[in-house]
Amino acid sequence: HERTHTGEKPFECSECHKRFTRDHHLKTHLRLHTGEKPYSCPHCPRHFVQVANLRRHLRVHTGERPYACARCPARF
C-alpha cells in the first residue's frame, strides 16, 4: 500500500518499459504483448486478457443491465 503514496513502481515491462506498483499488474500487462487470453466465454468463441472483461462481456449473454438511469426507467 505504501507504494501508492511514494509513487514507487519497481516492476517494469521488458517490452515497453511501462512500470507497475504490483507484480500481478505487470503479469496481466504482459499478456498484451504475448497475445495470451486465458479467460474464455463459455457461450461464444471470445477470449479475454482480464477476467473483469470476461465478466462484463457475459452480460451480453445473460441480458443483465446493472446500471439504471436516474432520470428515466432505462437500464444499461
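Positions of Cβ are set from backbone N, Cα and C atoms, glycine also.
Feature annotation from Swiss-Prot assigns zinc finger to 11-33 (among others). Residues 3-4, 49-50 of the same chain, all 6+ positions outside the zinc finger (11-33), place their C-beta atoms under 8 angstroms from a C-beta of that stretch.
Residues 28, 31-32 of the same chain sit 6 or more residues outside the zinc finger (39-61) yet have a Cβ under 8 Å from a Cβ within it. Residues annotated as zinc finger in Swiss-Prot: 39-61 (among others).
Residue counts for the zinc finger (39-61) under DSSP, helix first, then strand, then coil, are 11 helix, 4 strand, 8 coil.
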